[in-house]
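Worksheet for the structure shown next.
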Amino acid sequence: MNYDSQQPPLPPLPYAGCRRASGFPALGRGGTVPVGVWGGAGQGREGRSWGEGPRGPGLGRRDLSSADPAVLGATMESRCYGCAVKFTLFKKEYGCKNCGRAFCSGCLSFSAAVPRTGNTQQKVCKQCHEVLTRGSSANASKWSPPQNYKKRVAALEAKQKPSTSQSQGLTRQDQMIAERLARLRQENKPKLVPSQAEIEARLAALKDERQGSIPSTQEMEARLAALQGRVLPSQTPQPAHHTPDTRTQAQQTQDLLTQLAAEVAIDESWKGGGPAASLQNDLNQGGPGSTNSKRQANWSLEEEKSRLLAEAALELREENTRQERILALAKRLAMLRGQDPERVTLQDYRLPDSDDDEDEETAIQRVLQQLTEEASLDEASGFNIPAEQASRPWTQPRGAEPEAQDVDPRPEAEEEELPWCCICNEDATLRCAGCDGDLFCARCFREGHDAFELKEHQTSAYSPPRAGQEH
């Protein structure tokens, strides 16, 4: 019974843009398309899902190229069997003389001798052209396994033939046991034992081999150090061993003094008789000796010159420093006298040269006299303090009334203040009313006030309170 004859006629394909049978548009499962391929390439009739047909499971969307040509031929009505192009007025239909399928002129471009037409050259499709030109022998050789595979299979069959004759009538398990037993026997066979002659020949060959010299330990260490990038052990400097000094400190001092005395004696002997003796010896020599003595004499002169210049520069710096100090002292003295310190020059206080001892003593006496005058001026000015008040501490009379406290009102907090100078933390001797009652020593008060403040600021003597008066 022909099953295909009972199928209804299939509608034509509406896809004119397809180039081949396997190039249909991708369709989702369960879709409905007018592709009437019985066997699964879409839906041929309504109510059938994708991949189903009257013949069971279909070919699937990707199996159109492997479908039966007879089935696909029914669906390719008025279309090219090779590129699925619809035949039109400009795309005419041609038939293959061998298989009879419809092709366009582009797909039917091969020529071959067709047996149906008396081996005459006819237009055929590509598949028929390959079949007709290669023949059956070519197809057989195309799908035939290689010769090496055939030889191995034949050798395996020949090897298994005797075992098959012995294992006839045995079950599968018995055959497996027999094969395992044969393998164990093959493994337990004694190996080939070499003869006495072979052993002697091998021993003689080993003795005849030329044995190289064994490297020494030093060579191996050197090679290892070279590979690791380290210093060779032979080139490593040995650590110097210093014996401990067992001398006492007094002995070390005495030895050091002896060494210094010996070095001084050598220097004195070289300075005393060395140059003269060398010059006398150079009189009997030619050129090289005289040149060496000249070089040595020149070097000594240069060294003496450098030393004298250094001493002169040092003396000049000391002289400048001394003059600056004298000028500063003169300006300070002029300020205390009430003169303009800018008009004071160093000519007024020029000291004689220090080469003369008597003049230097005179200069020292002059400086001392100036300092004495400065001290007397400080006492004369007194910073508005009487001399007897500066020498005698301030005490309150016993019979003083409480109203006397109004003259110099002091809060209770000031009684606990520290008796130190507010600048240098020395013992305070003055209290300046113009500086909010701050405590000063005589030196800081003089340096911290200018000429106007020294005249205007009122001061009073200050003595630190005793321990019994604090509380």
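Placement of Cβ uses the backbone N, Cα and C atoms for every residue, glycine included.
Among Ser49, Ser167, Ser234, Ser293, the residue that Swiss-Prot annotates as phosphoserine is Ser293. Looking up Lys97, Lys207, Lys305 in Swiss-Prot for SUMO2 cross-link, the annotated residue turns out to be Lys207.
Which of 174-187, 216-229, 440-453 counts as motif 'MIM1-A' depends on Swiss-Prot, and there it is 174-187. Highlighted in sequence order, Tyr81, Gly82, Ala84, Val85, Phe103, Ser105, Gly106, Leu108 have their Cβ within 8 Å of the centre of the Cβ atoms of Cys80, Cys83, Cys104, Cys107, the residues recorded for Zn(2+) 1, and are not part of that set. The CA atom of Ser144 (phosphoserine) is located 134 Å away from the CA atom of Ser463 (phosphoserine). Note on the coiled coil (311-375): mean pLDDT across this stretch is 73. Of all the binding-site residues in the record (Cys96, Cys125, Cys128), the one with the smallest CA separation from Cys107 (Zn(2+) 1 binding site) is Cys125. Using Cα positions, the member of the binding-site residues Cys80, Cys96, Cys99, Cys104 nearest to Lys207 (SUMO2 cross-link) is identified as Cys99. Comparing C-alpha positions, Cys83 (Zn(2+) 1 binding site) sits nearest to Cys125 among the recorded positions Cys96, Cys99, Cys125, Ser463.
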